[in-house]
């Protein structure tokens, strides 16, 4: 789990790299779990606009300008790709992000937060497949085990007769939510892999500000889709009624959307940061850790039904993540031994 591109211009001492990765792991866990809980809270308190929740996941991108101004910019702007090269990259990534947010919003509106979180653990399955074909990621026995276990975890939720959505959600809407969540997971996984490919082949890696710039541009593209849906569907006309009917009042309505938007910005930035520093598979695995733990918080906050099947599914998700984490440990150890051998060989050549 060493920095995945030691030959790049972006180099850190190993301990600084570990601190930076650990910090982003913590923030990603908090951001993702908070984003899911706040979105489910919006629906639980009477909110009805799916397009608004999708919009809240990207509308907060101007907040990223604050750390962008504080971080050093590229030392060699002339080495950056031209706008003709970057524009298609930002557009493709932005459209993938837009699809992810829309399917997320529709899926969560028809599912309990715990069921949604457990289903989203299938992201690691999809990203393992995409990483293999797009990023030439090695698929080992441990990673394959993780994929199989997580797939079975999702299958348990699918066949669980006691699984149901929030009060008032019909079986047909529950199925729609189930399908939307799986589609959203596949799109999010493709986004992870294409983002890593962009860092490997196109985007400069001189400073960490490139991560912020990437997120700002792709979210600028992504925000257009739910914003268009909000106006085309006519939901914008009933937003005032939506706010008036919110269980926690106007202030609670605004705060739910604001903190939700902030939480998703933290998630977006840290996800890209971990892809930048490690790999798309690692970033997805850390996200799955939040998804595996989130059901516990959902039981406490929303009193979701946590039956035996869900508990088994959650334990399987944690086990699947653990095997992948152990594979990263093995890769880290192997990379260290390789670096040590190379260094010793170079030292011997000077003697």
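Cβ atoms here come from the backbone N, Cα and C positions, even for glycine.
Predicted automatically and left uncurated, TrEMBL annotations should be read as such.
Feature annotations, reproduced from TrEMBL:
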TRANSMEM  51-73  transmembrane segment
TRANSMEM  85-110  transmembrane segment
TRANSMEM  116-134  transmembrane segment
TRANSMEM  141-159  transmembrane segment
TRANSMEM  174-195  transmembrane segment
TRANSMEM  207-231  transmembrane segment
TRANSMEM  251-267  transmembrane segment
TRANSMEM  274-302  transmembrane segment
TRANSMEM  308-326  transmembrane segment
Within-chain partners of the transmembrane segment (207-231) [C-beta distance under 8 Å, separation at least 6 from its ends]
10, 49, 51-52, 54-55, 58-59, 61, 64-65, 67-68, 71-75, 86, 90-91, 93-95, 97-99, 101-102, 105, 195, 198, 268-269, 272-273, 276
Could you tell me whether the transmembrane segment (51-73) and the transmembrane segment (116-134) are in contact, taking contact to mean 3+ Cβ pairs under 8 Å with a sequence separation of 6 or more?
no
Is it true that the transmembrane segment (51-73) and the transmembrane segment (251-267) have 3 or more Cβ pairs under 8 Å, skipping pairs fewer than 6 apart in sequence?
yes
